[in-house]
Amino acid sequence: DGYRNTNLYQGGRAGNQVSDDYRYQDGNYEGYAPNDGYYHGGNEPAHEEDAQSDVTEGHDEDDEVYEGEYQGIPHPDDIKEKQKQRAPAVADEYRDRADLMAERMEDEEQLAHQYENIIEECGHGRFQWTLFFVLGLALMADGVEVFVVGFVLPSAEKDMCLSSSNKGMLGLIVYLGMMVGAVMLGGLADKLGRKQCLIISLAINAAFAFLSSFVQGYGFFLFCRLISGLGIGGSLPIVFAYFSEFLSREKRGEHLSWLCMFWMIGGIFASAMAWSIIPHYGWGFSMGTKYHFHSWRVFVLVCSLPCIASLVALKFMPESPRFLLEIGKHDEAWMILKQVHDTNMRAKGEPERVFTVSYIKTPKQIDEFIEIQSSTGTWYQRWLVRITTTFKQVWDNVLYCLTAQYRMNTLMLAVVWFTMALSYYGLIVWFPDMIRYFQEEAYESRVKIFDEEEVSHFTFNFTLENQIHRNGEYRNDKFIGMKFKEVRFEDSLFEECYFEDVTSSETFFENCTIISTVFYNTDLYEHKFINCRLVNSTFMKEKEGCHLDFEEDNDFLIYLVSFLGSLSVLPGNIISALLMDKIGRIKMIGGSMLISAVCCFFLFFGNSESAMIGWQCLFCGASIAAWNALDVITVELYPTDKRATAFGILNGLCKFGAILGNSIFSSFVGITKVVPILLASSALVGGGLLALRLPETRDQVLM
């Protein structure tokens, strides 16, 4: 008993000393004098060794249990380890930023290889396929958005009285919104998270696409399509970054290529809906004389459905665990990875398989978001701090893509993206315009010309179309409840005639003399009378607004062209998906762009509608492999915390190329085919050859 009491007393001394060490471990004390009657100076290690030998007296050397454990006293070795772990955290603020970045880069490299092994353990199964369809709907919405304006433009120009300049602006405004949205929302996705930013992006698109179908004015409709494009433009870089972070190295190229098929499905969906909805004039309603909801507005409404469906389904999907690890949220990332593992194992019939990962490496956190307290400043000051801090971090990410490590890759990718977009989007607009041009040429060749005709006391109550009347005389004639389509009256005389309830399209009176004639409830406005002399003529109750004529404006061939163009990329999608991981991304991009350039030269032989449709399908089918490989390599070349930002920048540059391509190529329709063809083919050749100098990424892990 005496020995035991002495031992306990010595253990108490050791425990007291350890306890005091534990209390003061965060301070910078050389020594202190606690109230236990002992002085603890610079010889602390010797005292700890004495205390440990006293406590463990009578035990085996290999016995790790010491008496202090039963009293809840930490082991001295544990305290030393904790002090070692805490020491760097205290010293980080005094370390050079370059050292911290080097340490973070080392952590990220370790995480990249560990994460690859974890994803392989989780397997590829039900979870990835569910996410595949959810994100596919978002990508489908992007494909729909590109086609919507082109399909509604012929009807919208009549409904909202659009001039040629207004039509051109409406066609380009969507690409402008996509360009801004890709850069802005892509950058935010690297700071706020993939899922959160994708939800914001889809919500913006769905809300303003839905609203645009109801607005009547041109300005408000233009604004809604701009913001709608901004939303859907931000979804594209997020979708690919999000999905890639759930895929292993062996599956990444193939399944990202399969995901690209939803863009094709979006084009097919838009073409089919336009074909089945817009020609049905009765699929709408009117409220008075001012508000009209025609069938093209129903089409715009239906086209927002893929976006809404993706938005709802995305609420049930988790955040990217790779992103969570990047910002230091280990436990949340681990839970999501375990969910992925368990979901796939249950689907494979192996629910007993256990997720063996217990700890995942997280990179050193350097840039922390500064959150001000709720008691500091006013609410808008706090939000201003949050917003400015976030956008500064986004801007830093943008600049990081141009640092020495990534500068050459970024610049080469930028050139490849731009040349691909310039040629592809330019030709995609040029093909329908050329088909319309061939149609107009054929239409004009069938024009009927009437010279010096004299008509009197006759009632016109039928449609006049594609006619030219020269030096005619019309006396006491009535034009009632009729339509003029592409009709011109030149050097003609109208005397004591009566026009009532007349609508016209591309109809003009040139150098005519109009005497004692009444125009009642017509759309024959002043600008349609060119160098005419009107004597005692009266215009009463002119028609207001513009009027749709579905027999003329809804060109079924244009819908068919878009449908076939979208469908033609199916073989290219399948081939690129199957070969992406076999031949590599670089050869896929270079080969596809060079083959597309060869297809451009065959356009010199496209002198008819059917020939242009055939060459368009061939060009689209050949170029889609390059698009898919560009998406894959852009995802793989950049680290996780810069991935969506880099993709957004390059995709924004792509939309800028689309705007230039649309403007340049459309200006040569009916003038020459040489410039568009040579410009497209030279851009594709230059971009394809430059792409061969990019680094191959199919064998590297996702950093």
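Backbone N, Cα and C define each Cβ position, glycine as well.
The region 'Disordered' feature in TrEMBL is assigned to 1-63 (among others).
The region 'Disordered' feature in TrEMBL is assigned to 72-91 (among others).
Per TrEMBL, the feature compositional bias 'Basic and acidic residues' maps to 75-84.
Among residues of the same chain six or more beyond the transmembrane segment (131-156), those with a C-beta under 8 A of the stretch's C-beta atoms are 162, 167, 170-171, 173-174, 178, 198, 202, 205, 209, 221, 225, 228-229, 232-233, 235-236, 239, 242-243, 246, 255, 258-267, 269-271, 274, 278, 294-296, 299-300, 303-304, 306-307, 309-310, 313-314, 317, 429, 432, 548, 550, 553-555, 558-559, 562, 566. Summarising the annotation, TrEMBL assigns transmembrane segment to 131-156 (among others).
Residues or ranges marked as domain 'Major facilitator superfamily (MFS) profile' in TrEMBL: 131-698.
Summarising the annotation, TrEMBL assigns transmembrane segment to 168-189 (among others).
Counting same-chain residues at least six beyond the ends of the transmembrane segment (196-214), those with a Cβ under 8 angstroms from any Cβ of the stretch are 138, 141, 145, 148, 181, 185, 188-189, 221, 224-225, 227-232, 234-235, 238-239, 242, 293, 297-298, 300-301, 303-304, 307-308, 310-311, 314-315, 319, 644. The feature transmembrane segment is assigned by TrEMBL to 196-214 (among others).
The transmembrane segment annotation in TrEMBL covers 220-244 (among others).
Per TrEMBL, the feature transmembrane segment maps to 256-278 (among others). Among residues of the same chain six or more beyond the transmembrane segment (256-278), those with a C-beta under 8 A of the stretch's C-beta atoms are 132, 135-137, 139-148, 151-152, 155, 239-240, 243-244, 247, 295-296, 298-299, 302-303, 306, 550, 554, 556, 559-560, 562-563, 565-567, 569-570, 573, 576-577, 580, 624, 627-629, 631-632, 635.
According to TrEMBL, the transmembrane segment annotation covers 298-317 (among others).
If you look up TrEMBL, you'll see 411-431 (among others) marked as transmembrane segment.
Counting only same-chain residues 6+ beyond the ends of the transmembrane segment (556-579), those with a CB under 8 A from a CB of the stretch are 143, 147, 150-151, 254-255, 257-258, 260-261, 264, 267-268, 270-272, 274-275, 279, 428, 431-432, 435-436, 439, 588, 592, 609, 613, 616-618, 620-625, 628-629. According to TrEMBL, the feature transmembrane segment maps to 556-579 (among others).
What TrEMBL lists as transmembrane segment is 586-606 (among others). Residues 416, 419-420, 423, 427, 434, 572, 576, 579-580, 612, 614-615, 618-619, 622-626, 628-630, 633, 673, 677, 680-682, 684-685, 687-689, 691-692, 694-696 of the same chain sit 6 or more residues outside the transmembrane segment (586-606) yet have a Cβ under 8 Å from a Cβ within it.
Feature annotation from TrEMBL assigns transmembrane segment to 612-633 (among others). Away from its own ends, the transmembrane segment (612-633) comes close to residues 240, 252-253, 256-257, 260, 264, 413, 416-417, 420, 424, 427-428, 431, 434-435, 438, 560-561, 564-573, 575-577, 580, 585-586, 588-589, 591-593, 595-596, 599-600, 602-603, 606, 688, 691, 694, 697 of its chain (Cβ-Cβ under 8 Å, at least six residues beyond either end).
Residues or ranges marked as transmembrane segment in TrEMBL: 645-668 (among others).
Tertiary neighbourhood of the transmembrane segment (674-694): same-chain residues 409, 412-413, 415-416, 418-420, 422-423, 426-427, 430, 585-587, 589-594, 596-598, 600-601, 603-604, 626, 633, 637, 664-665, 668, selected by CB-CB distance under 8 Å and a gap of 6+ residues from either end. According to TrEMBL, the transmembrane segment annotation covers 674-694 (among others).
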Interface check, the transmembrane segment (645-668) with the transmembrane segment (220-244), three or more C-beta pairs under 8 A: yes
